Amino acid sequence: MYPVDLHMHTVASTHAYSTLSDYIAEAKRKGIKLFAITDHGPDMEDAPHHWHFINMRIWPRLVDGVGILRGIEANIKNINGEIDCSGKMFDSLDLIIAGFHEPVFAPHDKETNTQAMIATIASGKVHIISHPGNPKYPVEVKAIAQAAAKHHVALEINNSSFLHSRKGSEDNCRAVAAAVRDAGGWVALGSDSHTAFTLGDFTECRKILDAVNFPEDRILNVSPQCLLAFLESRGMAPVPEFAEL
């Protein structure tokens, strides 16, 4: 099990069922040292208001030895790579994930999807691209992986893609992992939990990584220190409380 989980949703995204406190309790139970709350960006129908993300600044950094990152799963809005995260939201957030979601950006052809994803990667605003192996959004995998490595953006392997959502992702995700390996980039693992019970579950992700002999030292989740070094290299100020992790 990895001690870091980078993708989950709370009751603020109303199709999810757990609170911040629920995740903290489950993290303590499972030995998760650091996690990121990444509720859906405000352009989704049941997403929280942008004030929700701005007000994350009131959260404690550390609760009972568990570190909490303030994040968002933003929506890629168009082929220019614009996302539904802006202004003061950036000032409060540590981690920006962005991906395709049908209510905001309908599936297009491979060329258009690739253009939108690369523009998002190149924007400098995003740390991780969520579920890039979604079969509803075909992309040029090699081009995406090379762009991500160039711009120091991680591509996600999403455990939920193999269980509850985005069925048929396995082949695409193996291709993503292999392309990231060859490009010398990073992968991020996300449980994409919508309930705290699945926090830290990367069982299916591990199968994908093993299938392509993915190097362990290019997985952001291997330790809090690895993930924090990545974020700090992208401009996040060091968080003194996280020195205890």
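Using N, Cα and C of the backbone, Cβ positions are placed for all residues, glycine too.
What Swiss-Prot lists as Zn(2+) 1 binding site is His7, His9, Glu73, Asp192, and the listing cites sequence analysis. In the three-state DSSP assignment, the secondary structure recorded for Glu73 (Zn(2+) 1 binding site) is strand.
For His15, His40, His194, the entry in Swiss-Prot reads Zn(2+) 2 binding site. Its own atom aside, the Cβ of His194 (Zn(2+) 2 binding site) has 19 Cβ atoms within 10 angstroms in the protein chains shown.
The Cβ of His101 (Zn(2+) 3 binding site) lies under 8 Å from the Cβ of His40, Met44, Asn75, each of these being in the same chain and 6 or more residues away along the sequence. Annotation comment: Swiss-Prot describes Glu73, His101, His131 as Zn(2+) 3 binding site, evidence class sequence analysis.
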### Query
Measuring Cα to Cα, how many angstrom lie between His194 (Zn(2+) 2 binding site) and His131 (Zn(2+) 3 binding site)?
15
### Message
Take the mean position of the Cβ atoms of His7, His9, Glu73, Asp192, the recorded Zn(2+) 1 site. Which other residues of that chain put their Cβ within 8 Å of it?
### Response
Met8, Thr38, Asp39, His40, Ile97, Ser130, Asn158, Ser160, Gly190, Ser191, Ser193, His194
### Message
Excluding near sequence neighbours, so keeping only residues 6 or more apart in the same chain, what lies with its CB under 8 A of His9 (Zn(2+) 1 binding site)?
### Response
His15, Ala16, Ile37, Thr38, Asp39, His40, Glu73, Asp192, Ser193, His194
### Residue pair His7 (Zn(2+) 1 binding site), His131 (Zn(2+) 3 binding site) - Cα distance, angstrom, rounded
10
